[in-house]
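Residues or ranges marked as ATP binding site by Swiss-Prot: Pro82, Val83, Ser84, Arg85, Gly86, Leu87, Gly88, Ser89, Ser90, Ala91, Ala92.
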Amino acid sequence: MVEVRVPATSANIGPGFDCLGVAVNIYNKFFVEEIEEGLIFEGCADKFKNENNLIYVAMKKCFDKIGYKPTGLRIKIESDIPVSRGLGSSAACVVGGIVSANELAGGVLNKKELLDLAVGVEGHPDNVNPAFCGGMTASISDNREVIYSKVKVSEGIKFCALIPDFTLSTEKARAVLPKSIDYKDGIFNVGRTALMISALNNGDFHLIKYACKDKLHQDYRAKLIENFYSIKEECEKLNSLGVFLSGAGPTIMVMLKEEDKRFSKNIKSFLETLKNKWEVRELKIDKLGTVVNNRKV
């Protein structure tokens, strides 16, 4: 049996639209074994127990590339990453499927080949890269090749995810974005993306509040998330370092000083006054990324 663990990811990190992402310590686990025949799923809803399951789709892509034909498969999922909340649940399924398939087939593909294959299936290197590699990454796609670099994050920072009880599909969140942008808005984001990376790298955490600002996606998507601005304002009042929409949303991610012991309790009290229910989870950066059979990929 192959066991694969994949972390949740938070993409964009404010201005780094479709390029920055960070892995955090929420995980999906996948247990896969080859059986005599058939396709058996455990741990997911009945509507996902078929060949359209994203994990299986990813596995098949890997098997086809390698030229391996399993006799049958049993796939068990232990999922802790909330679905359609902007925490990389799709990326985790794709990465988990591809890595487990490669392992079953004898580990034919190297890490670079696995990464390119996963991005080809999932389409978002800002989620796939940190899910694979752990930590924070800056990623681009160049002629279908995935190029990335790890971003060093100084000690002394933690994250807090505010996860609502409602979902938001990536497709819907993409649909509200404009077809084109002003030149000045592009410059606005380029500068703040550079500032974000530098501030995290050098431990200049007081600059994060400036770096979190964005003009490419967050304001458009905020309209789909009830109380987004009031929550953001409350987080800022509670001395957060920065607030941003996690991926396409609706999860709101907050950066905090590691020694901050009061934020979670105070923001939870505020969220309880709102109509929707919100879960508050303090998180750390996952530095390992994907782990297969207790070893790093």
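Backbone N, Cα and C define each Cβ position, glycine as well.
For the ATP site, the Cβ centre of Pro82, Val83, Ser84, Arg85, Gly86, Leu87, Gly88, Ser89, Ser90, Ala91, Ala92 serves as reference, and the other residues of the chain with Cβ at most 8 Å from it are Ala8, Ile81, Gly247. When the binding-site residues Pro82, Gly86, Gly88 are compared by the number of other CB atoms within 10 angstroms of each CB, Pro82 has the fewest. The 10 Å shell around the Cβ of Ala92 (ATP binding site) contains 34 further Cβ atoms across the protein chains shown. Following the DSSP three-state reduction, the secondary structure of Ser84 (ATP binding site) is coil.
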